[in-house]
Amino acid sequence: MRHGHPRLLPGLLMLLLLPLGAAAQKTSGCARWCPPKSTCVNATTCRCSPGFSSLSGEIFSSPLESCDDIDECGPPPLVSCGRLADCQNTEGSYHCMCSPGYALASGATTFMNESENTCRDVDECQLKPRVCKSRGICTNTKGSYTCKCPPGFELNLGDLNLCTDVNECTSGQNPCHNSTHCLNNIGGYECRCRPGWKPVPGSPNGPKSTVCEDVDECSSGKHTCHYSTVCINTVGSYKCRCRRGWKPKPRFQDRQLNTTCEVPAEMSFPTWTPPPGIKSQRLSNFFERVQELHRDFKPALAQETIQDLIQEVDELLEIPGDLEALPHSEQHCVATNLLVGLEGVLRNVSQAMPNGPWTFNASAGTDLSLEVQEEGYRNVTLSQNLAKMMLKWDVVHKSGDSGPSVVGLLSTPGMGKLLAEAPLVLEPEKQAVLHGAPKGLLQGVSSVLLSDVISVFMSNKVTQKLSSPVTFIFSHHSATHEPKLKVFCVFWEHSQDECGHWSTRGCTVVDSGDTSTTCQCTHLSSFAVLMAHYDVQEEDLVLPVITYVGLGLSLLCLLLAALTFLLCKAIQNTSTSLHLQLLICLFLAHLLFLMAIDRTEIKVLCSIIAGALHYLYLASFTWMLLEGLHLFLTARNLMVVNYSSVSMLMKKLMYPVGYGVPTLIVAISAASRSHLYGTRTRCWLNPEERFIWSFLGPVCTIFSVNLGFFLMTLWILKSKLSSLNSDVSTLQNTRMLTFKAIAQLFILGCTWCLGILQVGPAAHVMAYLFTIINSLQGVFIFLVYCLLSQQVREEYGKWFKGIRKTRAESEKYTLSSRAMSDVNKPMMVN
């Protein structure tokens, strides 16, 4: 191995020997062909410089030789640099260098041999803190380093020291919900709600878990729609649409965010004409003024038109003039015309009003509260001095309608003058409530108007059966709570055939105090609070006694008759089978009536009892019909009663008809109007909506058919009697059939007709007749079918004889036993 300073020595010697060489050439000669990197030895040989060699060695004599660099680093290596170092050949020499990532402890860059090797790892991360660019994280390794990128970054393939941002939004590496959109940022991303959306309750706006929902700008008031338009929410946005009946202004388009609309000139004041046949100068003057308002109406002046109309109505009712001289019936017609006309005009003209609540007042007390609003999900309350109305907005806004809706409450205190002595029509159920006792008889009703008359109108014209009831709170004159006085919530009902009357249909009193009454109604019209005075006949205490005693006897007789037909085998045939089914149905119906007719505490139970009574009584009447049919067929086939087709026909028909027909009627009634089973005072059919005819209709039909059977039976028997021979048995059978036909008509329906005839002056008498005869129906049946039947009497005789014989044998056995006992006593003593 060579050292740094010794390498300089050959060079210096060469410089010193040059003059000598030149002299020697001159003297001894030197080869002129020596190649580069060599020196002349003599005239025939050359020597390669240190670090170079030729093929022949260090000294050569051929002019074709050249001196080439000796590669000390090999292969094979001529020197050893040691571990973590690399040999670097140089022209004429070499040096050792630490491998990349390593350096000498001295700080030098080269060394000559392994003994000088002090290479150790270089920490590039400390040496060059910014070796990893753009947020890269440097990690030192043996002899090198690596750059790692934080989340949201990745290494640049062109420069492994450079970290570049990952765009998660375009790469599909984000889990954002579809209700959000991805926003890329340096090193990450956000899930932000889309425009027009908002985070759902409990969800933040930005993190990966963000979930959004549409913002209803319309209901939240976060829209910029002009008052002439209606806000319509869309997914992520909204539109502004012209109100119903309006049109966009010039240079504007409908359904845009900046839409502005105007009222079209064709929105008209509806035609309103006076009632026909009414002669009144005061009314004529009023309608002349109405025609002026109609002629001058412009949608832009809707507010002024409504105010003028309210004032005109107010003045008419304050000073009615010659209207007061009209008969009450004609005054009622005028009131109906005013109420209906006002409702129509105000409904139409209000469509031109801007959104918002409005109030109109007149000097004499006529007031109008109006609300024009978009569709909402809230309660609406309109108030005046003496009345308040509360309803749900979905009642006002008809499904499918566009634009805002209108609801108005009009109070007309002066309308009571025209409605004086107006008739009051009470529902049957309200009549029962009036007199408080279901057995009392209502004699007469007179009414007094306590409150102002209010009218309700809305843009939705379908108001006959509202989805939810409307609540009214009336403040009125003090009501006297005495017997024979009752407060009612009423509305003004009119038709084409009559001018109108007060009615309670669909309205109920929720609460009533001395000066305030709360009502609920399922329809809209003109409403008021009436106090009705009535006379009630005192309840007759004798009728319940007759009912319970008579039904008790009937139950006993029905039970005896049923046991007779069930246990007596000798008399059983088709006729007795019909009798037995009739007796069972009547027995169960009377028993249920006695035990449960007043069980009204639990409404569901009361409805079930009413349905059971409905079924049992209808089944009784159906079996009565089959009795009449069988009697008619028997009379027609008098001579072959037991061998004709009558028996077979009745056996096939009686059970399906007897129990199937009433089942069908009750099933249809319960499916259509189940809520009408049971009243407040009785577990029977509610007379509302003519539901009672689901019982009376079949009863009347059966009675009519039985009457026909009776007449035809009499006609057949009459012809039989005229053609009979002297056969005594046939004559007796025919007479018995004639008697049964007469009794059948009386039992099978005539008594029930008396119940329908309980009206007018004879109602009290009819009530007694119906109660007595109907409650003793079981007694009549036992008398006709058992006691007056020779076969049954004979069977009863056999039973009694058997009972006496059994009793006699029992007594004989007892006496014999005693005699034997007396004989044995002395023997036992002995």
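Note that the numbers count up from 1, one per residue, in the order the chain is shown.
The backbone N, Cα and C atoms fix where each Cβ goes, and this holds for glycine too.
The disulfide bond recorded by Swiss-Prot for Cys138 reaches one of Cys125, Cys149; that cysteine is Cys125.
Of the candidates Asn348, Asn642, Swiss-Prot records N-linked glycosylation site for Asn348; the remaining residues carry no such annotation there, which does not rule it out for them. Topology check against Swiss-Prot: Lys718 and Gln791 fall in the same compartment relative to the membrane. In Swiss-Prot, the annotation N-linked glycosylation site falls on Asn113, out of Asn113, Asn573. Taking Cys34, Cys67, Cys81, Cys519 as the disulfide-bonded residues under consideration, the smallest Cα distance to Cys125 (disulfide bond) is found for Cys81. Reduced to three states, the DSSP call for Cys40 (disulfide bond) is strand. The highest tally of CB pairs under 8 A with the transmembrane segment (768-788), across 541-561, 577-597, 652-672, 691-711, is held by 541-561.
Just going by CB pairs under 8 A, the stretch in 541-561, 604-624, 691-711 that sits most against the transmembrane segment (652-672) is 604-624.
Counting every protein chain shown, 18 other Cβ atoms lie within 10 Å of the Cβ of Cys125 (disulfide bond).
Using a 10 Å Cβ-Cβ cutoff, Cys147 (disulfide bond) registers 21 neighbours.
Taken together, the residues of the topological domain 'Extracellular' (673-690) have an average pLDDT of 82.
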